[in-house]
Amino acid sequence: MKQQGLSFEPFEVLVNSGDTQQLQPPITLIPGYLNQEQQAALLNEVKSYPLSRPEVQVYGQTHPIPRTQVWFGDSGCDYRYSGLFVSALPWPKYANKLREKLYRDFKLETNGVLVNRYADGRDSMGWHCDDEVEIRSGSDIASVSIGARRDFFIRHKVSLQKYQIPLNSGDLLIMHWPMQNEWEHSVPKRLKVMEPRVNFTFRLLTKHYHPK
Ligand SMILES: O=C(O)CCC(=O)C(=O)O
């Protein structure tokens, strides 16, 4: 697979061809989408992100989320998820380059990215689907992972049919519509994992869904 340098130049892989793998859920996995330099540039940039560990309500009790995160997006792309309301922060340089690269390579239009950092295998993300009302109906979500290899689980909402996909550093997973309606996903704890992992999920929101 051809890889690019720091320029984040166009990437010559079409969705569903070559070394992509189509699985049963509506996803496309592209192993090694980012090369080492691109990963390093993003990881270095993450050091300056204002990551936080907000508290969410679960069954009436307040808990800090088991990871840290931050939301970047275009103006007017504020986001409400897990009972939290977050205003979009301006795009950092390399996160934006990655967004542009996804558009060049796949015509994937996005206007926000949720960055999740898992310090080690004790950090996790529970079952959920990205079905918030401000996410544009019919849009795909692109998930780019950097750092420790972690298992990503997908579960059909009705049949409970489950898939486990190990995501390696540099991999791109595209979750195609209607994955967000029909399937849930999670990143379970993996106590043997000692290294951090950062995940970028690029989304397309309806602008100004939340009036200021
Ligand atoms: O870290 C991951 O791979 C999953 C992130 C995720 O599920 C999300 O941002 O909604």
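Even glycines carry a Cβ here, placed using N, Cα and C.
For TYR79, ARG80, TYR81, ASP131, the entry in TrEMBL reads substrate binding site. Positions annotated as domain 'Fe2OG dioxygenase' by TrEMBL: 109-206. Marked as 2-oxoglutarate binding site by TrEMBL: ASN116, TYR118, HIS128, HIS185, ARG197, THR201, ARG203.
Taking only the Cα positions, the spacing between HIS128 (2-oxoglutarate binding site) and TYR81 (substrate binding site) is 10 angstrom. Residues belonging to the domain 'Fe2OG dioxygenase' (109-206) score a mean pLDDT of 95 in the model. Taken in sequence order, the binding-site residues ARG80, ASN116, ARG197, THR201, ARG203 that lie near ligand 1, meaning a CB under 6 Å from one of its atoms, are ASN116, THR201. ARG203 (2-oxoglutarate binding site): 26 other CB atoms within 10 A of its CB, across all protein chains.
Ranked by Cα separation from TYR118 (2-oxoglutarate binding site), the binding-site residues TYR79, ARG80, TYR81, ASP131 are led by TYR81. Listed binding-site residues: ARG80, HIS185, ARG197, THR201. The one with the lowest count of other Cβ atoms within 10 Å of its Cβ is ARG80. With respect to ASP131 (substrate binding site), the closest of these binding-site residues in Cα terms is ARG203, chosen from ASN116, THR201, ARG203.
When the C-alpha distances from TYR81 (substrate binding site) to the binding-site residues HIS185, ARG197, ARG203 are tabulated, the minimum falls on ARG203. Set side by side, the binding-site residues TYR79, TYR81, TYR118, HIS128, ASP131 differ in how many other CB atoms lie within 10 angstroms of their CB, and the most is found at TYR118. If you compare Cα positions, ARG80 (substrate binding site) sits closest to THR201 out of the binding-site residues HIS185, ARG197, THR201.
In the domain 'Fe2OG dioxygenase' (109-206), the DSSP tally of helix, strand and coil residues is 4 helix, 49 strand, 45 coil. TYR79 (substrate binding site) and THR201 (2-oxoglutarate binding site) are 13 Å apart (CA-CA, integer value).
Our reading of the 2-oxoglutarate binding annotation (ASN116, TYR118, HIS128, HIS185, ARG197, THR201, ARG203) yields a largest Cα to Cα distance of 20 angstrom. Over all protein chains present, the Cβ of ASN116 (2-oxoglutarate binding site) has 20 other Cβ atoms lying within 10 Å.
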